[in-house]
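Quick look at what TrEMBL annotates:
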- 35-57: transmembrane segment (TRANSMEM)
- 239-259: transmembrane segment (TRANSMEM)
- 266-284: transmembrane segment (TRANSMEM)
- 322-343: transmembrane segment (TRANSMEM)
- 363-387: transmembrane segment (TRANSMEM)
- 460-487: transmembrane segment (TRANSMEM)
- 508-530: transmembrane segment (TRANSMEM)
- 542-559: transmembrane segment (TRANSMEM)
- 608-631: transmembrane segment (TRANSMEM)
- 643-661: transmembrane segment (TRANSMEM)
Amino acid sequence: MARKTEIPSSSYYGEPRKFDPTFRGPVHNRSCTDVLCCVAFVIVILGYIALGTVAWIHGDPRKVVYPTDSYGQFCGQKGTNNAKKAILFYFNILKCASPSVLINLQCPTTQLCVPKCPDRFATYSEMQYHHRSNKSYWEYYRQFCKPGFDNPNKAVSQVLRDEDCPSMIVPSRPFLQRCFPDFITRNGTLTVANRTAFKDVLGETRSVTELRDAANGITSLLDAKEVGMKIFEDYASSWYWILIGLLVAMVVSLIFILLLRFTAGFLLWFIIFAVIALVAYGIWHCYEEFVALKEKPSADVTISDIGFQTDFHVYLQLSQTWLVFMISLSVTEAVIILMLIFLRNRVRIAIALLKEGSKAIGYIMSTLFYPIVTFLLLAVSISYWAVTAVFLASSGDAIYKVMPSQPNCMYANLTCNPETFNKSNITKVCPGSQCMFAFYGGESPYHRYIFILQLCNLLVFLWLVNFTIALGQCTLAGAFASYYWALKKPADIPPCPLFSSFSRAIRYHTGSLAFGSLILAVVQLIRIVLEYLDHKLKGAQNTFARFLLCCLKCCFWCLERVIKFMNRNAYIMIAIYGKNFCTSAREAFFLLMRNVVRVAVLDKVTDFLLFLGKVLIAGSVGALAFLFFTHKIPVIQEEVPSLNYYWVPLLTVTLGSYLIAHGFFSVYAMCVDTLFLCFLLDLENNNGSAARPYHMSTSLRKILNKRNRKR
């Protein structure tokens, strides 16, 4: 007598959906869902466009791209006096603490735009001495002085007080459009123009290492630039072969998915029995070690007797350690075997659904290329967010502040006006002080709320990214649901199922997709804020605050995972029945809870198979690329390009192969999840009669002992 498979009880986890005799697949007669959220989404997008426009009007990306001198003028800006002066020069680079100060903030020394960096050691005193006999010394030195200054006979003390000219110049070269000392390491010694020491304006001997300390880390940046040039050369030499490797990964991924219908069962059962065999071998090995150590008197000491030891090899000399290992592995083995005995039917269902997913993709091949649409939409969202963020960050007018020559000046760091500064009282109270450019900003309401606008920019960006992903999930779910609910496959599959599903999602369910995406975006924004706070509190001494922050980060990480899982299944229900987001999420949740064991088994089986496939594809293509780029394939050895670092194209091919496999398998995972929910709905709503036939495949009906009756 055939064993009956139980139908999930409706007394808990909600009532099953009532049977609809007209239901034959995704509902086509739909109405718009979550209209208010759709309207809000459209308004936010219009507001986002307005925000980008306002940022574009007020912002100036040249403030980020080009360096700015002490007078707020761009170096290299066309139509100005600095048109031919594209490099920023620092009067006294020893006052600059690090490259981060040089590049992002303002170094407390006069900065001028110059056409080229100095190429020699010289001080203002030396220039004055040689100027008497040769005018060319001053002509060279004056290009690094303030514009309009032409008095080489001015006293050195007054020149340094007024910062008319730099006290000294050192051989430099441009990097990031700034003049940095030209450091060169010769025989392990750091030099600048073959010198390890130089004299400043006061005649004191200074070491080159002082320049290095002032520009801490610049040598590593220059080395990084050199490495970057070599990497660029490698890409230029091997891009053709990299594309071939990625194409191979694409073909292999496609073949792997199509072959899963034949290999899924073999792979899973092979791995399961291999794990059982490995654990059994582990138990036997632990038993052998336990018996061997049992005969040694010194091995009878217990773990508690020796306490905690940093050398873990000590524990392996105790018989009790191997006894604990043996018991643990025995329990693990028993759990695995018992799960196989009691869950074997559910594992078989999972394998059948995996095979069915491969078959569905075979009938709707266009779904494999939908990730390209998602990629393009994500690229647009990311580009718009990045451009808007740059324009917001560069909004504002030039702000000038008082930079005194004396440390006890009461006007230090106060804002000033460079046009009226020389007529003010500040120059009398603080002799030698200057009004120099500090940063870009302003006091208008727009400038005061730049940070809030950046947060809004980030929130809308996260919303758009999640909406794009949601649209892809709903589109794919609708296409695969059309396959499942086709009674005769492939004859009953509607034409262009992917395009029809995409049209339904955009036309009717934009509001529902936006609603689910907004919930996820808010949680992600909170997580980003928490990460920012955690970064700021790393050096804090308040242990309780750090502990609380860690707890919040953990909770919101879990919440994001749960919301992603629920949204995914809600979008599947939206694609099938066309209900609003909350209704679909509730029905999906109760449907999964009524089949929680099946959900757990299928989820783990699918995750494991897809992970195995990604690693297999990336590893095999990466191994092939390794053999090729290291001249290990004699047949095409002469075709291998000459490279500085063979790992550059190798890592690119391997990582690209993994991403390509992930793109293909994300479609496959969505297919399996959709078919699984359709399968559960099929079980609850149909009974195999002529009026209510099962839509599941023949293999699934055999596993469940179900059949469709003709009458």
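Backbone N, Cα and C define each Cβ position, glycine as well.
Just so you know, TrEMBL annotations are computer predictions that nobody has curated.
Three or more CB pairs closer than 8 A are found between the transmembrane segment (35-57) and the transmembrane segment (508-530), so contact between the two stretches is assigned (pairs 6 or more residues apart).
Cβ atoms under 8 Å from those of the transmembrane segment (363-387) belong to residues 48, 52, 254, 257, 457-458, 460-461, 464-465, 468-469, 471-472, 475-476, 479-480, 483, 489-490, 493, 497-498, 663-664, 666-667, 671 of the same chain, restricted to positions at least 6 beyond its ends. Packing against the transmembrane segment (643-661) from elsewhere in the chain are residues 230-231, 233-235, 237-238, 241-242, 245-246, 248-250, 253, 256, 613-614, 617-619, 621-622, 625-626, 629-630: each is 6 or more residues past its ends and has a CB under 8 Å from a CB in it. In this chain, the transmembrane segment (608-631) lies close to the transmembrane segment (239-259): three or more C-beta pairs between them fall below 8 angstroms, excluding pairs fewer than 6 positions apart.
Remote same-chain residues near the transmembrane segment (266-284) are listed as 325-326, 329-330, 332-333, 336-337, 340, 347, 351, 605, 608-609, 612 (criterion: CB distance under 8 Å, separation of at least six residues from the stretch ends). The transmembrane segment (542-559) shares more Cβ pairs under 8 Å with 508-530 than with any other stretch in the list 322-343, 460-487, 508-530.
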